Each structure stands twice: as C-alpha cells, then as structure tokens.
Amino acid sequence: MLATRLSRPLSRLPGKTLSACDRENGARRPLLLGSTSFIPIGRRTYASAAEPVGSKAVLVTGCDSGFGFSLAKHLHSKGFLVFAGCLMKDKGHDGVKELDSLNSDRLRTVQLNVCSSEEVEKVVEIVRSSLKDPEKGMWGLVNNAGISTFGEVEFTSLETYKQVAEVNLWGTVRMTKSFLPLIRRAKGRVVNISSMLGRMANPARSPYCITKFGVEAFSDCLRYEMYPLGVKVSVVEPGNFIAATSLYSPESIQAIAKKMWEELPEVVRKDYGKKYFDEKIAKMETYCSSGSTDTSPVIDAVTHALTATTPYTRYHPMDYYWWLRMQIMTHLPGAISDMIYIR
C-alpha cells in the first residue's frame, strides 16, 4: 500500500532537471520542498566565484561519445587545454574524427583505454610533455569513461561483474593514481562521474551499482586526503540520461538479452522461465527509452566543479522524479524505502 502511495505521486512529478548539491565540507542541507534545491538547473545560477580558466589543462576520459564527447567540446569552448581520452581513436571512431576536425591546438584526442596501465602511462607522458611548465601540473581530471549492463544477479555472469568493475571502478582508480602527481602540483580538481545508482541500489543493475557505489567511496576517501594539499574532489551523480549517452539501443538490449538467456544455467532458466525473463527485459527497454536526451545539466555540473572557487562535493543533475526517489531511498528507513521495490 505504501509503495503504491509513494510511486504514484513520484510518477506525476514534472520532468525538470535539478542540481541539488552538498557543499564542500560534506554537510547535509535540509531537503525541503521549498528549498532552492528544487530550482531547475536550466534556471539555477551556481553561487560561487569562478577560477580564471586561462589555458589550464584538463583530461577527460571516455570522449568517443556521450558526456565525454560533449564535455571535450564544451571545455574547449571555455578556453581549457583539453586532452580527450578516446577508446576508439585508433579505430577512427566518428566522435574522434569530429573532435579532431576542430583543428585546435587546445583540443587533442589521445588513445586511452582506462583498463590498460600501459596506455594510461603513455597519456601521462603525452600530457606532461605538452604542458608549458610540468612542475606547475595539470588542472583537472574528469573520470567519465564507463560501461553499463543489466540483468538480475542469477542472470549475470561473474565475468560481466568483473568487466564492468574494471572500467567503472578500477579505471577510475588507475587514472586518478596516475595523474595525481600532476594534479597536486596545480592544486587542481578531480571530478568523478558516478550515478544516482551510486547512491541507491536498483534491481537488475547490481554490476553497475557495485561499481558506482565504489566510485562514491573512493571519491570521499580521496577528498579527505587531498583537502590539506589543496586538491578539490567532486562527484557528479547523473539521473537517467541513457537516451543521451548511446549506452543502449533497442537492438543492443535484445542482443544482450539473447546472449544472456542462452548462457544461463539450465536450472536458472527452468526456475525463472522465459516469461519472467522477457518481462524484466521489457522493463529495461522502457527505462532506457524514458531518460533525458539533454546532457547540458551534466556538462554544467562538471564545468562548475572545474571552475568554481568552492566546488560542491556532489552534484545531482536529474529530474524531480529521480531526485525525490533518491532522497526516499537514502534518507528513510530501509523498511520504507524497500517498499518501492518489494510489493
């Protein structure tokens, strides 16, 4: 009964995007319906002075498409020297070609697989050798590269869990550790792209949730350690932007589902049945097609984290529905929040 009362009002909330933020000291602000946290991001002015951009160097991972692609172009337009890490640069990906077509000495695409220590170290050397004064370091690192998958625990192979973690979690750790010496010299910024699913769990998304919860914890630990050294660490937690990031298409969802079903142990297929399996896939298709196609709230959040004198600890670019749902999941007792999923 309570789950129904909660879910129906949530579904009627307008689809406007928010950017509710915790301040740098990590203190929670009251989350009231009348607070400024409910101002849509398109109308909200971040209350913080801006650092001069100059020609500060920033590295963004995962720039082949999605957030990273848009970020690279936007930060370049703001005057940054941008190193755009692209997984598919060596394969001539269309996104890489478009970035290269800008023909700017302030935007350089680099081959970068965040799972490869060798490629990461090569990029460290490329960045260091490109800086006017390496001793002054590099201003910003945006850990954006990520992959996603879906499937209930019994439907998901252990190998899939490892693959998602290698990119989303260990890729973030690997990149951060490799670039921290340059970031520390500049007293710069680390911005980690997490997700609302790094704050609240979701059925059929455990591989992704695990990694994003890990990114949240890693970011908090790093922020505590770096604060005395003048480095500021922020986390951006986007809502549902799947439709804007090309993570899934109807075809890719069906291909993943087909492979998943075929590889399931016979006992799992027998116990759950194809009807149950297909219903879960249909829910995933609906979720993927219902998200926002406008990435600007995320781009604005990352830009603020890189340029503000006092950047926020966390940014929440998401619509009202997901913002309120996250507050319920993270602030109310588990016995209540569980009712959203357990009926």
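Here the Cβ of each residue, glycine as well, is placed from N, Cα and C on the backbone.
Per Swiss-Prot, the features are as follows:
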type     : residues : note
ACT_SITE : TYR208   : active site, proton acceptor
BINDING  : 59-83    : NAD(+) binding site
BINDING  : SER195   : substrate binding site
CARBOHYD : SER219   : O-linked glycosylation site
MOD_RES  : LYS73    : N6-acetyllysine
MOD_RES  : LYS97    : N6-acetyllysine
MOD_RES  : LYS132   : N6-acetyllysine
MOD_RES  : LYS177   : N6-acetyllysine
MOD_RES  : LYS212   : N6-acetyllysine
MOD_RES  : SER246   : phosphoserine
MOD_RES  : LYS258   : N6-acetyllysine
MOD_RES  : LYS259   : N6-acetyllysine
MOD_RES  : LYS259   : N6-succinyllysine
MOD_RES  : LYS280   : N6-acetyllysine
Between SER219 (O-linked glycosylation site) and TYR208 (active site, proton acceptor): CA-CA distance (Å)
17
I'm trying to understand the geometry here, so how far is the Cα atom of LYS132 (N6-acetyllysine) from the Cα atom of PHE67 (NAD(+) binding site), in Å to the nearest whole number?
28
What same-chain residues, at least 6 away in sequence, bring their CB to under 8 Å of the CB of LYS212 (N6-acetyllysine)?
ASN168, SER194, SER195, LEU197, GLY198
Measure from the CA atom of LYS259 (N6-acetyllysine) to the CA atom of GLY79 (NAD(+) binding site) and give the result in Å, rounded to a whole number.
45
Report the nearest neighbour of SER246 (phosphoserine) in space among the binding-site residues CYS63, PHE67, LEU71, LEU75, comparing Cα positions.
PHE67
Cα-nearest neighbour of LYS73 (N6-acetyllysine) within the listed recorded positions, CYS63, LYS177, SER219, LYS259, LYS280
CYS63
Pick the one among the recorded positions PHE83, LYS177, LYS280 whose Cβ has the fewest other Cβ atoms within 10 Å in this structure.
LYS177
Cβ-Cβ distance under 8 Å, sequence separation of 6 or more, same chain as CYS63 (NAD(+) binding site); the residues meeting this, in order, are PHE69, LEU71, ALA72, ALA84, GLY85, CYS86, GLY95, VAL96, LEU99, THR109, ASN144
